[in-house]
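S.K.: Here you go, one structure.
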Amino acid sequence: MTSEFFAAQLRSQISDHTTHPISYYKPEFYTPDDGGTAHLSVVAEDGSAVSATSTINLYFGSKVCSPVSGILFNNEWTTSALPAFTNEFGAPPSPANFIQPGKQPLLSMCPTIMVGQDGQVRMVVGAAGGTQITTDTALAIIYNLWFGYDVKRAVEEPRLHNKLLPNVTTVERNIDQAVTAALETRHHHTQIASTFIAVVQAIVRTAGGWAAASDSRKGGEPAGY
């Protein structure tokens, strides 16, 4: 995932003018949505930062608690695959995700700390929301650093998501119709999301200090001291 070759390969498949059928992207994995995830973004008064995402995967995880600590165990390996078995999400087995020694469960979590060339933290961000996490963390970063939106707008801006399987671009109901039209011009199949798309938490350095936003999609509010 972090190799320059892999990044270049993905970049070569992206076009500003059109999307493509699933087969064009040569998919090798499928990640089911999860439901037991939370994200926390923190900046201390000395400028040190923490971006932490925690998950038990599905609601109530493995549904098994430790008899000693009472901690609920996760069921993270359900995001992986077993040969000859289709998982509960209807996903066929993928060799890339077979359970093997030394491997980690497949995850979408991407807690992020953006640092400037001066070494100072510029943005702390992350999200909860299954396969939507990566997309919407990236969107919050793009909205703030590229488009210049303040952190509140970057977090609250209507979002979209496409996880390739199925090859449908889901958009939030209040997204600008011009965005949907532009997607369809590029041959995207769009549909309105039945609920919100992911939940983002972000902190951004400003000229006067720090600004924080907690996604109202799930009733969140930022806190400071």
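Each residue, glycine too, has its Cβ placed from N, Cα and C.
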S.K.: Of the residues E45, E76, only one is listed by Swiss-Prot in the L-glutamate site with T55, L107, S108, G129, G130. Which is it?
M.R.: E76
S.K.: Sorry to bug you, but what's the C-alpha spacing from L107 (L-glutamate binding site) to T37 (active site, nucleophile), rounded to the closest Å?
M.R.: 11
S.K.: How big is the L-glutamate site in terms of the longest C-alpha to C-alpha distance among T55, E76, L107, S108, G129, G130, in angstrom?
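M.R.: Largest Cα to Cα distance for the L-glutamate-binding set is 14 Å.
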